[in-house]
Every structure is written in C-alpha cells, then in structure tokens.
Amino acid sequence: MKSSALIETKEWLAAQRWLLPILILIGFGLAFAIPEYGLFNKYVQLVMMYVGINIILAASLNLVNGYMGEFSLAHAGFMALGAYTSALLTMKVLPVAEYPGLFPLAVLAGGLVAALFGLIVAVPSFKTRGDYLALITLAFLMIVKSLIENIDVIGGPRGIPGIRKLTTLPWVFFWTVLSLWVIRNFVYSKYGRGVLSIREDEIASELMSVNTRRVKFLAFTLSSFFAGIAGGLFAHLLQFISPRVFDIIKSTDVLIMVYLGGIASLGGSILGATVYTVLLELLRPSTVGALLSWLPDMLFDPLNEYFIRHLGVWRMVIMPLALVLVMIFWPRGIMGLREFRWFVPKRDLDAHQHQHHAERENPHDASHRQ
Amino acid sequence: MSEGIVYWLQQLLNALQLGSIYGLIALGYTMVYGILTMINFAHGDVFMIGAFFCFLAAVYLGLPFAPVLLLTMIGTALLGVAIERLAYKPLRHAPRVSAIITALGVGIFLENFTLALAPYPKHIPALLENTNWNLGGVSVSSLQIIIICLSLGLMFLLDYVVHRTPVGMAMRAISWDKTFVPLMGVPVDLVISVTFAIGAGLAGAAGTMYGLAYPVIDPYMGIMVGWKAFISAVVGGIGNIRGAMIGAFILGGVEIFVAAFLPSTYRDFVAFALLLVLLIVRPYGILGSPRIQKV
C-alpha cells in the first residue's frame, strides 16, 4: 500500500511541470542569498560551486559520450583551452578590476575558443568511431597539454598563478542552468534525434537522411563549448591553473560522473556530478573529523588515529574501486537512459505514453525499444 | 668514425633500448585487444606494479637479477589474471564502454593504492654489474645489451607461442570468432586468462628492465609509458603481434631522435601528433587490416 502511495506522489510531482521554473528562480535567489548572508560557511559554498562546474562538465560530456555513444577523453583539454583563454583575458586584456561585469565575456570567449577546437576534433569522427576515436581525443588532450607546456609566454609548465577570484555562486548557478537548458533543448531538437540515431546505428541513420556530419559537428562543438565555459569558471575559482591540472585524470573524473549518473540523461549528469563531488569531499579527513566530532573523545581518538587520519590517501583508492563496482553491479548508473520527467518536452512524454499503451494492448507488435 | 655517425649510432642504440621496453608492454595491449577487442587501460599500471615488485624482490629479499625477473613476471602475471577475473570477466557481455571505464578505474586504483603504500619514489639497487664498452666511439653498456637481447628473446618466444603452439592457436581462433570457437570445445575462459597472464608477465619483465635502466620509480610512472606502448600497438596495427613490435621500435626511434633535435619537452607532443596523423591517414596501423563495417 505504501509503495503505491509513493508512486502516486511521484506521478503527481512529475505532472507539476510548472514547478521547474519556480524552483530555478528560488535556486537563483538562494545563490545570491547564500554568500550575501553567509547561510553556509565558505567551504560549503566552495563545494557548491564545484558541484555546479562539475554538472556543466558532466552534462556536456554526456552529449558526446552518452547521447551520441562515442567515447571522448578530450574533455580536460577543452577545459584547459577555456581556462587559459579566460584567465589570460581577465589578467591581460579585460579591465575586470574596474568592471567585474566583464567576467562573463571572458568565460564566453573561453567557451568559444574551446568550441573552435571542438570543430577540429569533430572532423576525424566522420571516418573513425569507437576505440580509435577515443584515441584521437586522447591524442588531442595530450597535444593541448604539451603545447601549453611549451609556450613560455603563458607560463609553460609552471602555469598561471594569481588569477582573480571572479567565480561566484550566482554566476555558477547561471551558467549551470544555461548549459543544462541549451543541452536539453538540443537533445530534444531535430539534431538531437540525429545524435541519438548515430548512437543506435550510424549507417542506418545516414540512410534515413540524417546529416551525420552536421550533427557530429554540432554535438562536438556544443560539448566542447560548455567544457570551455566550465574551464573558465574553474580557473577563476581555483585562482591557479597549470597544464598538470588538466591531465587525463581530470577527464577520467568527468567520465566517472557521467557513467555513475547514467548515460543519455541530464538528470543523471546532475546526480552523478553531485554525488561524486560531495562523496569525494565527504571522504576528506577534515570533513569526516568535523562530522564525527560529537563522539566522545574515548571513541573519537582511536577512530581518528587508525581511520580518519589516513583517509586523505585512501579516498583516492576508494573512488576508483567504487567506480569498478558500480560498473559491474550497476552498469547503467543512477539514471541510465532515463530522465527527469520535468526535462522531457510534453510532446515526447505524450508520444511515449501512446507507445506504452500500444505495447500493452498488442505486445507481439511492440517494436524493440531501449 | 666521424663524430656524426657515432652520435647517430649512439642514439640508435638508445632508441633500441626504449623501443624494446615499449614493445614488451605493447604486446600485452595488442594481445588483449586481439582476443577481447578491449583496450586494457590498466596495463600501463601493471607495468608500474612490475617495477615495484622488482624493487621489493631486490631490496627485501635481496635476490640477484634472474630470480628477481622471474618473481616479478610471476607476480604481475597473477595480478593480470586477478584483474581479468574480478573486474573484466563480469563485464564481458556488457556494453564495451563499461569495460573501458572499468579498465580506467582499475588503473587509477592500482596507481593510488601503490601511492598509499609507497608515498615516496623508490630507488632500485643495481642488480647487474654494468660495464661500458667503447666500440669506435659508441659507448655500449652491458645493461643495454641485456635489455635489448632479453626483450627480443621474449618477443620471439611469444611469437612462437602464438603461432606454433595449441594455446596460441586457441588464442588466434578466439580472436577470429567468439561465437563458434567455444562450441568447438576451446576453453575460452582459460585461454583468455592465459592471454592476460602472458601480457601481464611481459609487462612485469618490462617493469624490471625499466627499473634497471631508469632506477627511480614512482606510482605514476606507468601512465605515460603505458600510453606510449599503446601508441606503439596502434601504430603497428592493434591486435597484430608483429605489428606491435615494429610500432614500438618506430616510436622509440621517433622519441629519441626528437629529443636529439628539439627540447625534450616536445617528445610527448611529437609522439601523440604521430598517433593523430597515423589514425587519420591509416587508422588500422602498419600491419593491421581495415575492418569492414557491414550493414
């Protein structure tokens, strides 16, 4: 009985689509209020900003890796391009000290430069797929990193220190919502269907007159654009960037978020990025110590001595292990191929329900669906 | 001999040494790919573990070179089988992306696990007496000769195993057709485990020799070397054993000669640019054959 009540509540909630814009407005208000009135301490605010940036990264990578079914390792490279472009702009070109309102321009420029390079990566994807395309994206990442290391004007391997801290909670919230909105609209557009058809069967979709080249161009460009945006925000939050920050580990982090959350699902990317970021922060010795500080000293001290103190090293062991376990026992991730119903356009929901009914009435006729 | 030729011969020798280490690792990548069409991204880290096994055997057991090499190879072979059984086997019928992610995860796990146990770089003691000969101006060390000869020996042994023995025949059969070969009574699971054991064992040998040639080892050393070995395998045509050896020597040569002309920071750049150009021009490698996609 209880579970049916739960399902009913869920169904009712899913039908209240008008809540989404209101929730976004409330979120925006909170994003201004939290730093203004210090509702949470600085550390929690920092984690919230990282969550936002990671959501942008995961959602944009999901476009290529989830919806299109390719395997790109280049995301950290696009991030690096966005980060360096925007950091150089705010440090050398734009007078952000007098006009902090110019910051989004720098971030936008970072996104555009990354998008331009996304075009370059899209070209080999016309002919290659799967593992070999994964390698091309990897080579791209390594080449970007190696080029930055070899250009001394932008700091070479030493990186750029002393970037202004311009990334604020409202800006992160704004860019996160914007990127989710754009990617959501793209995915449910005509081109979005093209992206999905490429994942299912590229040759068949070409025969059905999908312009696969244009679709791939768009998907790669959009994905790298938002990776660049995230890079710009990241640079102005961390205040220091170097080629080492954007290595293969960074790409792997985003991959984990995408697959943990589930492919081809924006809701999944939001959950994956949030869960991964928060879990990694929770495993920090200082966080665990603070969370357990209510324990009496008699219990806390040995726990600290043998367990909490060592977490700093072991948390990076626990995370990949968790990833492997998720892949084996839960290969679809949290939301795999499902979606928050608020994100799905009304017409798609209706069409889906039609198909559902048709299948129920005529099971032998049912076309194969995911 | 003129100075120019001496310099080139010296670099050629260095290239052979680097290429033979890449080759041993590349074989593991290419064998696993040939049989499972899966990129085993954790393989570079198995190489790193090999170097650490070598360190353990040399320092804590105080063994000489031959037993150290043997123990390391056995150790990494067991590790390879364990990884395959625990992490990859449950995913054999899952989407291929899951296997790739899992392999990446296993790699990061091995790196950070080693880092947690050994936070500082380790120094492998000299296991072999190193004598330098001067052949007409070219300086040749006994270590270089041993590394090159041993690697070539292992490569030819593997080539023999794959092309002339029943196990090798089973491997080639499985990579040819995964559906019907099991029906012919070939123990697929066993053959796959043997493949992983051989690949990881060779990576262990490579780890030992790398540790002797460049004695300071750290948990992240496997990443770059692993990628380079993987590039070698792709350059030669992944899945093709002889191709992997050729690719490794080409890449070793390119890296050494790039470092001779340009600042050494350009080495990775050139290696990956080579990969990029090759993948676009000849995506199936030097000895590989193009896969025809059927509708």
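Placed from the backbone N, Cα and C atoms, the Cβ positions cover glycine too.
Annotation comment: TrEMBL describes A:18-40, A:47-67, A:73-90, A:102-126, A:132-148, A:169-187, A:217-242, A:254-279, A:312-331 as transmembrane segment.
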Considering the transmembrane segment (A:102-126), which listed stretch of A:132-148, A:169-187, A:217-242, A:312-331 counts the most C-beta pairs under 8 Å: A:217-242
Seg_contact(the transmembrane segment (A:73-90), the transmembrane segment (A:217-242)) with at least 3 CB pairs under 8 angstroms, min sep 6: yes
Close approaches to the transmembrane segment (A:217-242) from elsewhere in its chain (Cβ under 8 angstroms; 6 or more beyond its ends): 46, 49-50, 52-54, 56-57, 59-61, 63-64, 67-68, 72, 74-75, 78-87, 90, 103, 106-115, 117-119, 121-122, 125, 155, 157-167, 171-172, 175, 179, 182-183, 186, 191, 195
Residues from the same chain, set at least six apart from the ends of the transmembrane segment (A:132-148), whose C-beta lies under 8 A from its own: 70-74, 76-77, 80-81, 84, 117, 120-121, 124-125, 154, 156, 243, 246-248, 251
Dominant neighbour of the transmembrane segment (A:254-279) in A:47-67, A:169-187, A:312-331, by Cβ pairs under 8 Å: A:47-67
Cβ-Cβ under 8 Å with the transmembrane segment (A:47-67): same-chain residues at least 6 beyond its ends: 34, 40, 75, 79, 167-169, 172-173, 175-176, 179-180, 183, 186-187, 192, 195-196, 199, 219-220, 222-227, 229-230, 233-234, 237, 253-255, 257-258, 261-266, 268-270, 272-274, 276-278, 281
Positions on the same chain near the transmembrane segment (A:312-331), where near means CB under 8 A and six or more residues out: 256, 259-260, 276, 279-280, 283-285
